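Colleague: Please find one structure pasted underneath; my questions will follow.
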Amino acid sequence: MVSILLLSEGSAEGVSNVSITLPQSFLDKMQGLLDHEYEAFMASYEQPRKYGLRVNGLKLSEGEFLKLSPWGDRLVPIPWASGGYYYVDSDRPGKHPHYHAGLYYIQEPSAMVPAELLDVRPGDRVLDLCAAPGGKSTQLAAKLQGKGVLVTNDNARERTKALAKNIELAGIRNAVVLNEEPAALAKVFEGWFDRVLVDAPCSGEGMFRKDESMIGEWERHSVSRCSAMQRDIMKHAYRMLAPGGTLVYSTCTFSPEENEAQIAELLAAYQDLEVVPVALAHGWAPGRPDWIGSDLVATLPAGSELINSLSGTVRLWPHLTGGEGHYAAVLRKRMLGGVVEKDADNDVGKGSLERVGRGSKGERTEQAGRGEQRNGVRADAERGSKGERTEQAGRVERRSDMRVDAERGSKGERTEQTGRVERRNGVRVDAERGSKGERTEQAGRVERRGDMRADAERGSVMRAEAGRGRKARGDGLKRASGGGAAGVVDAVEAWRRFAAERLVGAERWSGEPVAYGSRVYLQPPGLPRLDGLRVVRAGWFVGEAGTHRFEPSQALAMGLRCGEAALTLRLRADEEATLRYLKGETLHVDASRLVLQDASESRTAPHDGDMRALAPDGTKEIAAKGYVLVCADDCPIGWGKYGGDGLLKNELPAGWRWM
Ligand SMILES: C[S@@+](CC[C@H](N)C(=O)[O-])C[C@H]1O[C@@H](n2cnc3c(N)ncnc32)[C@H](O)[C@@H]1O
């Protein structure tokens with residue numbers, strides 16, 4: 001054991017130092033790997049760690065954030081992450097109303113790299129397979145800009161609570177949160193995703209400086225145990241990746257067994273995978289093929305490029321770059337017109353062969369369109385200036401930011417022929433319920449209705465019982481209550497009435513209303529059936545139908561823009577009422593402070609009110625009683641219920657309050 005004094009950053013209270021104790025076996029290993037660099041590596045433990053936040057592009061632009069932020073001139077851009085900034089620890093951005101409004105996510109700077117490398121475009125189908133607590137999912141969602149689908153999953157049930165909350169805090173509308181094993185997901189999502197992120201569970205060696213508890217974890221979870229988990233996760237991740245798609249594998253550990261060796265094994269098993277080299281910048285270092293054990297090398301195809309290609313993966317060292325230790329590999333699944341299987345016993349490879357043979361809907365044929373790297377972020381060589389991507393030789397064409405499903409009607413058509421693909425345009429929130437109230441939902445009887453405009457034409461589809469062909473698990477996961485057909489219809493109808501009365505423009509949103517019991521979600525269109533999967537959020541959770549009225553969720557509030565609610569209370573982040581609201585207090589509010597967004601003649605006035613709210617120009621008024629969206633600096637922070645007595649009852653769920 002070696003104890004090292006860690007320097008903390010200067011703060012108003014002065015500099016405070018702490019020490020950490022590193023296991024001797026770890027030090028010996030690092031010395032063996034790093035040789036002459038070892039001293040510099042060890043010196044990094046005596047340096048203060050870096051702190052990062054990432055501006056949430058779903059809610060505001062970087063420029064808007066910098067204008068609003070009280071720490072604007074102390075924020076330093078993180079060169080590899082859009083919206084990423086180093087901050088000074090003593091500024092404590094986690095304790096600011098803007099944090100509660102989801103304007104940024106606090107994230108270790110190196111941890112921002114994998115999602116940047118994944119090169120997500122609006123309209124993509126994206127999987128974040130090991131996602132909790134959701135840092136990278138929120139980053140990926142910002143890149144989707146509300147278009148396409150994010151499936152975010154973690155197999156640890158407890159951890160999906162934080163994941164769901166972070167998805168909701170960030171105001172993400174097009175995500176589905178699952179709590180599954182990768183094998184179960186692969187049955188539903190075979191070949192479905194354009195982009196897959198595997199931010200793998202690992203021995204965490206790169207995080208010792210940031211979080212000393214990781215040292216204990218390292219001692220408990222051996223490198224070999226982590227490697228075995230990673231291997232299993234990756235074979236299912238591969239299955240879910242569409243031909244032509246990109247997979248990023250990342251860890252926060254230094255051990256080659258969990259990094260280069262994992263990738264080598266994967267490349268050896270699947271001939272249609274290749275490394276897309278990451279351009280080195282910002283002090284990033286190449287992957288180290290020479291660190292793979294000779295036992296493994298002996299099993300790899302002799303003389304192949306496979307081992308050399310591993311130098312195209314990337315290592316982030318704390319002594320060379322401005323963040324903690326990380327590793328990332330960008331892999332692309334080629335389209336060869338048929339997948340060559342190297343391991344006859346490998347079930348994943350077999351599945352792929354069958355798929356190609358069938359020429360099923362999701363199939364595309366494509367030759368390796370080699371990616372090009374710019375500033376460490378992959379860019380397809382063929383890409384046009386406005387985000388267009390055309391992939392030759394197999395021909396995948398994407399236009400604009402929209403992707404479309406084959407099943408969809410005329411607007412969203414996708415035509416896929418062999419060798420050619422054309423795309424055009426394609427609680428109460430559980431977290432609020434606190435720990436006891438968390439609910440993971442297996443799909444009970446679910447009725448789906450088409451999007452709000454098109455319900456009548458599309459009719460409805462009854463979904464089969466989830467868990468069909470699968471035993472109920474004795475894991476305490478509850479099915480949504482209710483679920484009888486009549487109740488389900490009511491829930492969707494109740495949502496539609498609420499949306500018509502209290503929201504502006506909801507009829508144009510793309511999500512499909514789906515009821516799980518009394519809870520209503522807007523689900524990204526085109527998603528396969530989730531039957532049998534443990535579903536934490538089936539989409540954007542918009543609220544729950546009660547006996548008398550529809551209760552909008554905190555997730556709905558966080559996903560709205562202020563202008564999308566009929567009635568708002570616009571506070572400044574720095575006024576006392578904002579803090580009082582965030583602490584769960586009832587507010588006294590003069591009706592004149594309520595803002596009416598849209599008092600068009602056709603709008604139905606809220607049925608239960610007699611107070612009056614003024615339009616911004618002071619010319620119109622409507623009854624103002626009931627749900628009011630509370631905003632701070634023009635960003636929603638939750639709901640209040642306005643009564644006839646000038647009191648705004650606080651609807652902020654307990655788990656969302658400022659502690
Ligand atoms: C490094 S953490 C992910 C951090 C996350 N990507 C983020 O940015 O916030 C790894 C996660 O993998 C999850 N995990 C472990 N084994 C898994 C498995 N077999 N399938 C899915 N998730 C798994 C763990 O519960 C843990 O939350």
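Placed from the backbone N, Cα and C atoms, the Cβ positions cover glycine too.
Bear in mind that TrEMBL entries carry predicted annotations, made automatically and left uncurated.
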Colleague: Return the residue out of ASP89, ASP91, ASP194, ASP199 that TrEMBL annotates for the same S-adenosyl-L-methionine site as CYS130, ALA131, ALA132, PRO133, GLY134, GLY135, LYS136, ASP154.
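Modeller: Given CYS130, ALA131, ALA132, PRO133, GLY134, GLY135, LYS136, ASP154 bind S-adenosyl-L-methionine in TrEMBL, the matching entry from ASP89, ASP91, ASP194, ASP199 is ASP199.
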Colleague: Could you tell me the C-alpha distance between ALA132 (S-adenosyl-L-methionine binding site) and CYS252 (active site, nucleophile) in angstrom, no decimals?
Modeller: 14
Colleague: My understanding is the cutoff is Cβ-Cβ under 8 Å with a sequence separation of 6 or more in the same chain; which residues meet that for GLY134 (S-adenosyl-L-methionine binding site)?
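Modeller: Those within reach of GLY134 (S-adenosyl-L-methionine binding site), by Cβ under 8 Å and sequence separation of 6 or more, are THR152, ALA162, LEU163, ASN166, ILE167, ALA170.
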Colleague: Using a Cβ cut-off under 8 Å and a sequence separation of 6 or more, which residues in the same chain sit near ASP199 (S-adenosyl-L-methionine binding site)?
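Modeller: PRO114, ASP128, LEU129, CYS130, ALA131, LYS136, SER250, THR251 - these are the non-local Cβ neighbours of ASP199 (S-adenosyl-L-methionine binding site), listed in sequence order.
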Colleague: If you draw a 10 Å sphere on the Cβ of ALA132 (S-adenosyl-L-methionine binding site), how many other Cβ atoms land inside?
Modeller: 24
Colleague: Using the centroid of the Cβ atoms of CYS130, ALA131, ALA132, PRO133, GLY134, GLY135, LYS136, ASP154, ASP199 as reference, list every other same-chain residue with Cβ within 8 Å of it (recorded S-adenosyl-L-methionine site), in sequence order.
Modeller: ASP128, SER137, THR152, ARG159, LEU163
Colleague: Determine the minimum-neighbour residue: among CYS130, CYS252, listed as recorded positions, which Cβ has the fewest other Cβ atoms within 10 angstroms?
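Modeller: Among the recorded positions CYS130, CYS252, the sparsest Cβ neighbourhood within 10 Å belongs to CYS130.
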Colleague: Check the domain 'SAM-dependent MTase RsmB/NOP-type' (41-334) for me and report the mean pLDDT.
Modeller: 95
